[in-house]
Each structure stands twice: as C-alpha cells, then as structure tokens.
Amino acid sequence: MATCVDNSRTSQPTPSHHLPVSDQPRFDNPVSKLLKFYRPRLTDFVSQTATNPNPEQLPQPRRTFIEDTKGEEAKEDYIWMKMREESYMDVEREPILSSYYFASILAHNSLESALANHLANKLSNSTLLVHTLYDIFSGVLCEDQEILEAIKEDLKGVKERDPACTSYVHCFLNYKGFLACEAHRVAHNLWLRGREALALLIQNRVSEVLAVDIHPGAKIGYGMLLDHGTGVVIGETVVIGNNVSILHNVTLGGTSKECGDRHPKIGDGVLIGAGTNVLGNVRIGEGAKIGAGAVVLKDVLPRTTAVGNPARLVGRNDLFRLDTVQV
C-alpha cells in the first residue's frame, strides 16, 4: 500500500551508530516509540508476562494523547488525537498490524492528510495513480473546512448510532459506508466548481470499489451513517439532512417520468431501513422511520413510521392524525 507522506530531506544524516553515545538521538516522540512495533519480531507476538512476574518491572501505563494535549487545539483536534491514541492501543494488541496503522494513521499529522491517503489507496488503479488521487483529495480537504467538520460529525455519528462501531479509528479504516460518504463530499465540491468529469470519475471508482453509488450532485448533511453501505444508490437531486441513518440496499431515486428536481428530500434524523426504495420528488419529514423493504411514493410526515409496499403509516405521535394523511 503506497503512503503519501512528506519524507523529504535536505541532506543525508550521519548514521546513529557512528555517533558518540552522548550524541546519539533519543527516541522520545510518539512515532519513534512505535518503531519497536514497526518491524515486529517473533517474540513480539508472544506475551512476556510469564517470564517477567515482578509487577514493578512491567511497563508502566503511558499517558494518553488527550492527557498530554492541552488548550483549545486539543478540543478542536479531539477526534484526530483520539484516533491516534486508539491506533497505538490497537498496535499494542496486534503488532502484526503496526505497518498498516503507521502508513494509514500515525505517519500523518492531520485527519485530512490521513483520509486523503486512505481514500487514494482504496480508489486507485493501474491508470489512476494513488499520488494523483492523493493530490485531489488533500487539495479539497485542506481548502474546505466545512467538509472537514462534516467528516468529524460523520465519525461521531457512526460511533454514537452504530453499536458495532468500537472506535473512531475502526470506522475510519474499515467502514466503507463512511469512506464512500467522504469521497462523495470531495466529489460534490468538485461538481459545484464545474469539474464534472473529475467528480463523476470519483463517483465511478467509489461505485466499483465500495458498491455505493452517490451522484456527485446530491447534497448530504453532517452526521451521516451509511450502515454497511452495500447497494446504496442516491440520485442527483437528492437532499439529505443532518444525522440521517441509511442501511444497505436503499435507493433514493426517480420514477423515470420527470426531469429536473426528481429525487427525494430527506429530513433531519430520519432512519431508512434496509432494502427501502424512496422514489420521486417526495419529502420524508424529520425524525421519520421507514421500515425495511418499504416502497415510498408519497410524502411521509415528520416523526411517523411507514412500512410496506406501497408504504403506509403505522405509527404516530400526538402531533399528527393519520386519518388526514393521503397514502
């Protein structure tokens, strides 16, 4: 896996084994401490506890990144610092993954750099080179702070709403729904800037590699959860609000009868179950729930539940009367 990081040097350093003992470098920074895991030896995979029974001689718990970082910068970068802390913990448990975590997380100095590298490696092929994609992704992510904030909210949304998500770094590295959503955010930025060919290329690669097809013209709010992600199709004029959860095999599409604004509008906090089809320029109100396998062809009121084919309302709260709703 190619990793895009800045490794430039102005001159060749003197090998440390040629230096006097007093001048040899100290390895106190976190990345240098990781090097003992970077090329794990056979003994790294075997617990040493049995041969070292004295508790005083065991390694003492290290301070976390969150504890070591103070001030406003720590608040702003909380998720990134937490991801690095989780990466160290994973490497300590599984030294065989040390090079993967180093290349994907620990070699980078920011969330946007790590995400650009991870997406570039995922979506590259023999003719669309990883360094080309890295330049595209990193350029957009560094320029558009709104995208970066949305990415952080997406990570928090997945962690809070998906019980299977054990950590931020687990979502970042392994959730293809999350990766597809963030690649779409970059493609949407390019689409709005008139770079349609490049935006459509990213859409195509995401569809081929991650099995999630989101048109770059679609608008997606923050806190998005694409659970599993496989088979999700989102059309060009779809608008999705904040903190929406969409399961696998969901289609937000048109009816093939209209041009222009022809796709669904999804309100804040909506949950759409697996295998659902929402077709046409219909509106799903905030807080609504759509049951698995439903086919929705008409508007769904806020904070109601719709199931079936065609969808019918089966739940309500005191704010709405179902007998006044046309379904």
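Each Cβ is built from the backbone N, Cα and C atoms, and glycine gets one as well.
Just so you know, TrEMBL annotations are computer predictions that nobody has curated.
Annotated features in TrEMBL:
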- 1-15: compositional bias 'Polar residues' (COMPBIAS)
- 79-183: domain 'Serine acetyltransferase N-terminal' (DOMAIN)
- 1-27: region 'Disordered' (REGION)
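Applying DSSP to the domain 'Serine acetyltransferase N-terminal' (79-183) sorts its residues as follows: 86 helix, 0 strand, 19 coil. Mean pLDDT, taken over the domain 'Serine acetyltransferase N-terminal' (79-183), works out to 95 on the 0 to 100 scale.
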